[in-house]
Amino acid sequence: MNIYEYPSRGQYKALLARPTLSFAEIEMRVRPIIDEVAQKGDEALRKFALDFDNILLNDFKVTDAELRDAENQISVELKNAIDQAYENISVFHKAQQVEEAQVETMPGVFCWRKSVGIQKVGIYIPGGSAPLFSTVLMLAIPAQIAGCQQIVLCSPSNHPAIYYAAQKCGITEAYRIGGAQAVAAMAVGTETVPAVYKIFGPGNQYVTAAKQIVSQMGVAIDMPAGPSEVAVLADHRANAAFIASDLLSQAEHGADSQVLLVGTDKDIILKTIEEVKLQLAFLPRKELAAKALENSKAILVKDLDEATYLLNEYAAEHLILSIENPEEVAANIVNAGSIFLGDYTPESCGDYASGTNHTLPTNGYARAYSGVSLDSFVKKITYQKISKAGLEKLGPIVEIMAEAEQLDAHKNAVTIRLKNIKDQA
Ligand SMILES: NC(=O)c1ccc[n+]([C@@H]2O[C@H](COP(=O)([O-])OP(=O)(O)OC[C@H]3O[C@@H](n4cnc5c(N)ncnc54)[C@H](O)[C@@H]3O)[C@@H](O)[C@H]2O)c1
Ligand SMILES: N[C@H](CO)Cc1c[nH]c[nH+]1
Ligand SMILES: [Zn+2]
């Protein structure tokens, strides 16, 4: 992890670049996969499972028995932990349900809006290098609360904890397929996998690019949620061992992850880098984490204001504020997926069980996108009802506007009714 001391603002763009391939490079690899799934359906899914995941699949639909038996294949401790995480995530996402008021914009003109669950959703659960069953909770719980009728799960992993969580969250069907081909299958449908209206979920660069590509083909997506990243802001009093553990927690996701340490004090940066080396040696995924650390940076800045500027430029997926008064800096952060305040709020609590959603925008997309929430799984339909008296008030306004836009049929839809009201009087 290289140290950069007091870089100028002009250097930030290059300094804060992500290590991921460009979209154009990934697209070249992923588009042919999507095209082949669209043309050859299940046959292509079998071929890519063999090519990329080294599994020979006849049937990739997970059976009811596999889903049911999963509970018996995980430890009681893990089952209890998943159950508690389920509760916390449910509580947080249920609190996002809001009943909106019906308003009378003019006398007799009533307007209101209602959230309706998207009927068919697809959730992608990463499973290439680790079986991320926590992602099942993060996606299927809000889908369940939103009232989505069909929840299709795809994952290259058949870890029983994925299936236990799937059962618990009301998944309607699961398929053991991964990568861009799974995204393509849920977008276009195959003989076995149904097409859905919106695809959710994090994944590696192939999965993320596939979601972006299919979003141009008429299916909605949540957001680009690619290789994990974390930025930590530390001051002189921060705990170097804590910060190092946070940096490593995201570095271990994959070689293309990136972690950023921003410090207002050189000593804390040096100590943290030493701690990273110490802790890294004990990690089973040290090779992956070490590669991610090669893409990572430690940046010394003059004060918290400069740190805030830099962090808003970076727009981290996760931002940890390991500083004396984290609320003060948090108030000025406008670009981040999820913020963790204080020394005792490790990012991994948000990954698993505190309640917030871990499916978050990466690669700077936090500038414009939010992470997954209940809102992601609903559409908001607007309604209106106008009384005769209301139309008598509103109608003439619409007539004038329609005439000015030279759209006579629009005007007539009002005029014909106003005449009818007059005739009845
Ligand atoms: N942003 C978020 O919210 C978030 C949350 C969780 C995880 N993640 C990220 O998800 C990712 C999980 O990655 P993963 O790889 O372990 O699992 P994954 O399930 O995303 O991807 C595995 C699939 O990639 C495909 N693949 C592998 N090599 C390929 C190649 N050369 N060409 C085409 N396809 C190929 C395979 O089909 C395989 O099934 C990590 O980068 C992690 O950081 C992000
Ligand atoms: N940190 C990931 C989001 O970038 C989520 C996750 C799942 N399991 C562990 N971590
Ligand atoms: Zn994580």
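Yeah, the Cβs are placed from backbone N, Cα and C, and that goes for glycine too.
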Same-site residue for substrate (record: TrEMBL; known: Ser228, Gln250, His253, Asp351, Glu405, His410; options: His236, His318): His318
Separation of alpha carbons, Tyr124 (NAD(+) binding site) and His410 (substrate binding site) (Å): 44
Span of Tyr124, Gln181, Asn204 around NAD(+) - largest C-alpha separation, Å: 13
Those residues of the chain, 6+ apart, with a Cβ under 8 Å from that of Glu317 (active site, proton acceptor): Ser228, Glu229, Val230, Ala336, Gly337, Ser338, Leu360, Pro361, Thr362, Ala366
Of the binding-site residues listed as His318, Asp351, Glu405, the one whose CA lies nearest the CA of Tyr124 (NAD(+) binding site): Asp351
